[in-house]
Amino acid sequence: MGILGLSKLIADLAPQAIRESEIKNFFGRKVAIDASMCLYQFLIAVRSEGAQLATVNGDPTSHLMGMFYRTIRLLDNGIKPVYVFDGQPPDLKSGELAKRAERREEAEKALKAATEAGDEAEIDKFNRRLVRVTKEHSREAKELLKLMGVPYVDAPCEAEAQCAALVKAGKVYATATEDMDALTFGSCKLLRYLTYSEARKMPVKEFSYDKVLQGLELTSKEFIDLCILMGCDYCESIKGVGPKRAIELIKSYRDIETILENIDTSKYPVPENWNYKRARELFIEPDVADASAIDLKWTEPDEDGLVQFLCGDRQFNEERVRNGAKKLLKSKQAQTQVRLDSFFTTLPSTPNASTSAAKRKAEEAKKSANNKKAKTSSAGRGRRPK
């Protein structure tokens with residue numbers, strides 16, 4: 001689910017935090033990609049196009065086709081992807097997972113009714129709602145990435161949190177996902193639509209964490225409380241508090257504790273045993289592997305291994321697979337070109353970095369204005385009247 005309404009809130013109140021770019025502008029960048037989100041996109045996309053790719057036994061292969069060709073496209077554009085897979089979900093997410101199970105059950109009933117009625121549009125709609133990424137999908141995707149020479153990371157818990165940790169450690173430039181909670185976990189950069197197909201012609205949206213905080217005029221902790229108020233995966237939200245009201249409350253009271261002391265609970269009922277403190281802890285100190293100890297390596301593809309894995313039962317075209325492998329090898333050899341900014345060391349971000357940067361920027365602007373004023377005054381005094 002991510003954070004409800006966060007993308008629009010940032011677009012409305014901190015538009016300077018969003019930049020639209022073509023994929024080619026990320027040449028030379030290393031990017032941590034939310035693997036489960038990608039696999040879901042691939043399964044949905046192929047199903048919505050009306051052709052479910054499958055093995056001779058009927059097992060889906062659309063996730064593998066999507067992963068194979070979309071990864072080649074990223075590498076063709078000089079981007080070095082590292083895929084991050086979800087681990088065990090935190091206990092606090094059980095409520096959200098239960099809601100998803102309920103929605104799935106409702107979709108199954110609706111699909112049955114649509115099938116009996118012969119309504120093709122409704123059948124397609126509810127079929128897509130029933131798509132989910134399984135452990136087998138993830139296992140196959142990891143095997144494919146290994147043969148392609150592309151690194152992946154198994155997160156102990158949430159993939160977005162692990163991606164954010166890799167960004168903060170300076171291992172990669174950004175997190176690529178459609179879930180906005182990557183920002184709540186503190187990812188310095190968030191890329192949306194990076195893994196979308198070229199046919200959709202969607203520009204990549206880049207969100208800057210520092211500029212989000214500056215634009216919203218919040219500290220990192222206040223931003224986390226804002227996200228909890230707006231609605232996250234880890235706890236319920238206060239009924240009647242949407243994005244607009246949430247930002248007003250945070251700006252007025254600065255934290256959830258003070259909000260609860262002042263809010264009109266008859267108008268905005270607070271959930272019973274509201275576990276917002278634990279949710280806050282999960283965002284501040286998520287369960288992640290030590291990013292500094294993770295060694296990311298992009299190696300040459302195993303062409304014969306790819307043919308053996310994708311062709312045969314999975315029915316991929318051998319010629320296309322071999323052509324894909326050659327593109328992978330070519331992009332690996334072309335990666336000797338680097339971005340100019342890669343010559344400079346990327347320092348791991350610190351919790352107070354964004355707040356300090358904002359203060360420093362304000363002080364520099366004030367100093368610059370004073371200097372300019374002083375120069376103008378002295379120039380005026382030294383000029384002779386004509």
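Numbering starts at 1 and runs along the chain as it is shown here.
Just so you know, glycine gets a Cβ as well, placed from its N, Cα and C.
From a predicted model like this one, the values you see are computed outputs, not experimental measurements.
For the ranges 291-299, 309-317, 336-344, the feature annotated in Swiss-Prot as region 'Interaction with PCNA' maps to 336-344. Checking the candidates ASP119, ASP225, ASP233, ASP255 against Swiss-Prot: the one annotated together with ASP179, ASP181 at the Mg(2+) 2 site is ASP233. Binding of Mg(2+) 1 is attributed by Swiss-Prot to ASP34, GLU158, GLU160, and within the candidate set ASP76, ASP86, ASP210 the record adds ASP86 to that site.
Note on ASP233 (DNA binding site): other Cβ atoms within 10 Å of its Cβ, all shown chains, come to 22. Secondary structure by DSSP for the region 'N-domain' (1-104): 58 helix, 17 strand, 29 coil. Candidates ASP34, ASP86, GLU160, ASP179, ASP181 (binding-site residues) were compared with ASP233 (DNA binding site); those inside 10 Å Cα-Cα are ASP181. In terms of Cα distance, the binding-site residues that sit within 10 Å of ASP179 (Mg(2+) 2 binding site) are ASP34, GLU160, chosen from ASP34, ASP86, GLU158, GLU160, GLY231. Within the model, the region 'N-domain' (1-104) carries an average pLDDT of 88. With respect to GLY231 (DNA binding site), the closest of these binding-site residues in Cα terms is ASP181, chosen from ASP86, GLU160, ASP181.
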